[in-house]
């Protein structure tokens, strides 16, 4: 049979192993020897489908020694993994800046909080703008509100708005100050003034809103200032990610730190809100470079079993920064001092240039073996290692490849792949949905329809969001350990979808029955379901949704860092983080339009969660797997079924060798008499 002859011919080539059968969805390779991934090992529950390694090429050939490219299997064990003191120091240096990053991420909640305000000279007991007499008395007629109150909860990571609560200088107001329409009674008089007094709730004596009177006709500038930082982050992720893949992680980190110091400190010297917003854009751009490079360096330093733990520790440190921000604001009292105090901790990071090395994994993946040799010698010297511990012969192989030219790759190369681009796009959609729908749950949590005394205080709002984020990080750890990356992400996406659908559908259905009790069942529902109970259900679904969506966003970013090859890891991370930025950007844009389209916004993201549930089944499982180093490695990182196949079960698809010449299947009919009895098309025998 023609297929059998081709299989025998492929297996008879010296130095080449017969290719293993691939699972549905794998790439038919052009040359299995040139594109086989390295060093993978499947866990007990099944993992990414890793092809067997071909024999190493001769030195000076088209490909370097596979021993050098198998970083997790040969180079990292030679350096001691994370057991070396130098590696532990480097990991610690990636954790410390996470605290400063947390300060910057949540600074908008304090710098741009919308305080209560009243006409200057009316006294502190005057009616705050945006609060009608009926609303103050709790009667509930909110027709005179210009827009619903904005939320202090960051969209999964960024504090973006002012909370529902009473101002420090106004009595009885249960809603934040909002722009009042000029034809709405008493509210119009607050916007007819030329000067205002403010009651701030964040511990500051003055912030950006009170300094430049960003109320009434100028209230829209607050929202522009909010999304200027997010827009800067989006562009920063996309651009610095590509640069980091081409020039290295270390230069991008250093220049990002230098410029965030320049732009961040200049923000504190802004003379008007236009200058403030412009400089915040560049601050966000540089902050994106710091976040992205530290994330990639942290992943690339760790062996497979420690990657998730090291990443989650950094998340906890960033959450600590969120929890410390109110105390920092109360200590500073002025927004300019607070801004300077947030940025100044980045100053010691200038010392990272002589201390922190380039990513050794990236140097090896891009064939920069001369620089890699110097760095390996630095590792062995810092760790006081014995050169004789090189059992696998990494250094001799490295000596043979010193003359090889570097081979750098840009993220645009992913367009020509079959599996890799699909994986990145699925994670981009998950990241966009997780961070975007988080704002919907946060707004429902503190919306003007919710009358819960605990949520009428800025600090209660702020620490509730921080507590939910912390609980989400704590829950992610055991879930991912038990179910893996794909299973854990799928679980949290399902929880997000359920919370969203129940909040959109069940509560609206109950409200409909309560208004029209035409039957006995509806009458019972109308009697049993009061507004307070509905509000409690809404808060419960909001908490569950915020909890799950936070996990979806963080796991999507981490998943992308694991399945994206080293040569384009920063570019792939940039795409997923930029998608998260787009999701967060919807919050200030909707607030800018006075919450118009909010319900449609929530419905669209709820539909996206259902789409994500289906798409997640296409992803591979990366737990305990080696990181892919090149684009062909990432292509062969194919998915596995959720349930392991039974022993003796035959594959449904042809193997790689058979797929290389698919036309040979037509020879079967001509040579049918040569087939063994009961033989199948792929050469196997049924059980």
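Positions of Cβ are set from backbone N, Cα and C atoms, glycine also.
Residues or ranges marked as compositional bias 'Gly residues' by TrEMBL: 40-49.
Sequence annotations record features per position, and here TrEMBL assigns region 'Disordered' to 1-59 (among others).
The feature region 'Disordered' is assigned by TrEMBL to 165-186 (among others).
Positions annotated as region 'Disordered' by TrEMBL: 627-647 (among others).
Taking Cβ pairs closer than 8 Å, the transmembrane segment (227-246) reaches residues 108, 158, 252, 256, 277-278, 280-289, 291-293, 296, 408-411, 567-575, 577-578, 581-582, 584-585, 588-589, 592 in its own chain, all 6 or more past its ends. If you look up TrEMBL, you'll see 227-246 (among others) marked as transmembrane segment.
If you look up TrEMBL, you'll see 253-273 (among others) marked as transmembrane segment.
The annotation transmembrane segment is assigned in TrEMBL to 279-297 (among others).
Panel annotation: around the transmembrane segment (309-331), residues 91, 94-96, 98-103, 105-107, 109-110, 159, 202-204, 294-295, 298-299, 301-302, 338, 341-342, 459, 462-463, 466, 469-470, 473, 476-477, 554, 558, 561 of the same chain, lying at least six beyond its termini, place a Cβ under 8 Å from a Cβ of the stretch. Residues or ranges marked as transmembrane segment by TrEMBL: 309-331 (among others).
Feature annotation from TrEMBL assigns transmembrane segment to 337-356 (among others). Long-range contacts of the transmembrane segment (337-356) within the same chain, counting only residues at least 6 positions beyond its ends with a Cβ under 8 Å from a Cβ of the stretch, are 90, 93, 97, 99-100, 103-104, 107, 110-111, 204, 250, 253-254, 257-258, 260-261, 264-265, 267-268, 290, 297, 328-329.
Under the heading transmembrane segment, TrEMBL lists 462-483 (among others).
Annotated transmembrane segment per TrEMBL: 490-511 (among others), in sequence order.
According to TrEMBL, the feature transmembrane segment maps to 539-561 (among others).
What TrEMBL records for 573-592 (among others) is transmembrane segment.
Taking Cβ pairs closer than 8 Å, the transmembrane segment (598-619) reaches residues 25, 148, 422-423, 426-427, 429-430, 432-433, 436-437, 440, 443, 486, 489-490, 493-494, 496-497, 500-501, 504, 552, 559, 563, 586, 590, 639, 642 in its own chain, all 6 or more past its ends. As annotated by TrEMBL, transmembrane segment applies to 598-619 (among others).
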